[in-house]
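The ATP binding site annotation in TrEMBL covers A:32, A:33, A:34, A:35, A:36, A:37, A:38, A:39. The compositional bias 'Basic and acidic residues' annotation in TrEMBL covers A:671-690. The feature compositional bias 'Polar residues' is assigned by TrEMBL to A:692-703. According to TrEMBL, the feature domain 'UvrD-like helicase ATP-binding' maps to A:11-288. The feature domain 'UvrD-like helicase C-terminal' is assigned by TrEMBL to A:289-565. Feature annotation from TrEMBL assigns region 'Disordered' to A:666-704.
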DNA sequence: ACGCGCATTGTTTTT
DNA sequence: CAATGCGCGT
């Protein structure tokens, strides 16, 4: 092998990375810590296979975790290997399987133009199944039932093989087959089916299996720690018999257990492929030593893990900043102010990202961005594809492609109103079921004038609809997608309908905007010569989390999950509160909190230079606003890694004292109240903070049993403050204000003042420097 | 069949 | 505090 042309591909790689890139065939496991260049290794290896080992690009299958990651890999590959890489199959497991299944549908029970059901569609189908079985959906939550079915599928348990362990399981075992039958009747697969059907097809057809094993002689998998049983099975199946399987992962970054991912698949791989080479990538090229230390301090508390020795050249670094805010609004404001400040100091907006555990947390952040005039991109969230108008029009397109799609059919049969109500749809459904016809077949029978149980009026309405539908279908042959879209929209009077269902013009305009955005996607598809089935598959698999990050100078808001694989010079992780991160839903899951800790670890390790961890004293949730406990994870962070405000005390929290004071009229009353309410969570927290130790707990035994001083705060010596809560003071710059809190800190006095001038708000000042005068 | 209004009820994370 | 969902009245 001449090393001359390989120079480029191997340039800048360390020994281990190079070993991974240039390794020959056979199973290879790359254990790659965060920032160790695993994506780089993966792409370079693919380029190396093509350029140096003369592997045909079409023989390579690369599996990424998101569509976005696939897109990025494709781009990077293009610059490394040029057009030769086009034939590489790059995509998520789901996208890859969808693509193959469409070609090979003969090896499945499904037709060529199957549609893909997303979670909402699934719930609808579950609802249909449960109502057919007379199971009360109030007694048994369809979501829970769906969850159980999905887990079963991820474990490759088929409807026939499902055994309910308890009463609920018994219910599931009845719904599962019915649900699956509805999907089959609808010629629809859910996300899980894409994987399960692929495995089944490969199992059932040796010919197919051999074909694809030969075709994809080289299999590469990113984020291997997040594979589930079906996916592991797929990797094995596609990889056999040569087992040129190259998997990259990091057990510490496994954050998808909720969808069946099992980091133990990494260990399993070593067992199943005992001859596998194992390559460790431990040098981190991303973060400063401080960030790595913090990350390591957090993750090392997990019991089930193999310790790793990550190291970086970037010694030292900025200490991380902890910040306690009064509530979510102040937290957001603090973040934005800090972002503004950093920007003035030379960072770009696009260097900074704000992360959080749950999607609704983005609201306050978005508001703050708008208020502060900070441009932002929101990744994921309650997005585009959930909008009613989008789902409606997509449902039309889906029914055009596949009239058997019962979920979409039910959605649009009376949207906009065409006089076909619940009753009529029901008898249509029973008729079709009795005669063992799919919906599409039933419509044809209706047009042919077959006997039916529908009333004369309803029958006519259905026939009218059928005629329209088949007219649209004939359009798909000759015309563009946009034409089809426009025709449907005008035939059914959708724009008019949109105005009817909108409360006001603004909402209507918003919905129209969404529709034109969808229309834009169709225009694009026409340009790219993508046909309807391809378009619909792309739509189904493209999620809101795949929001493309434009080159614009904006900050990014996203969940910790969405942040996986990304990096930013500055990272804010917000909402470090007990119950939020770790999320309370994880408390009763086995190893749930460990996964939450991994999630925080993923977040921390996104940071290159600066890291902020924030939490709020009080947070608004759906049932009003609630006092929060600090995240137990914060106690894992070594004191000497943190800087910024001494975290025992700061401005925003003092605002609370101020609020309480104003509520109760005067200081004395407030203090009395405080004493009376001394057991409330709020005051307990405040007391803890003042004492500088965390004696309150959240029921988290680990923390409770070992009381660790809160980072950065020392027990305060008794002191004689010069300023007292309630005093009116004057500052030469900030003007008049009121002291809300004061205490002696080492050898100076820290005074917290609420200034009347809103521009200054709450500030913490050092008495010796601030030149405050008592009024 | 449809529209309105009240009640309920649920929110982790994503392909 | 949504958003959905149901029941009632028309």
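Glycine residues also receive a Cβ, built from the backbone N, Cα and C atoms like all the rest.
TrEMBL annotations: computationally assigned, not manually curated.
When the neighbouring Cβ atoms lying within 10 Å are counted for each of the binding-site residues (A:33, A:34, A:35, A:37), the highest count belongs to A:34.
Secondary structure from DSSP puts residue A:39 (ATP binding site) in a helix. Mapped onto three states, the DSSP output places residue A:32 (ATP binding site) in strand. Sorted by the number of other CB atoms within 10 A, the binding-site residues A:36, A:39 start with A:39, the lowest. Mean pLDDT across the domain 'UvrD-like helicase ATP-binding' (A:11-288) comes to 92 in this model. Apart from A:32, A:33, A:34, A:35, A:36, A:37, A:38, A:39, the residues listed for ATP, the same chain places the Cβ atoms of A:41, A:250, A:281, A:284, A:285, A:286 within 8 Å of the centroid of those Cβ atoms.
Non-local neighbourhood of residue A:38 (ATP binding site): A:30, A:32, A:222, A:248, A:250, A:281, each in the same chain, at least six residues away, with C-beta under 8 Å from its C-beta.
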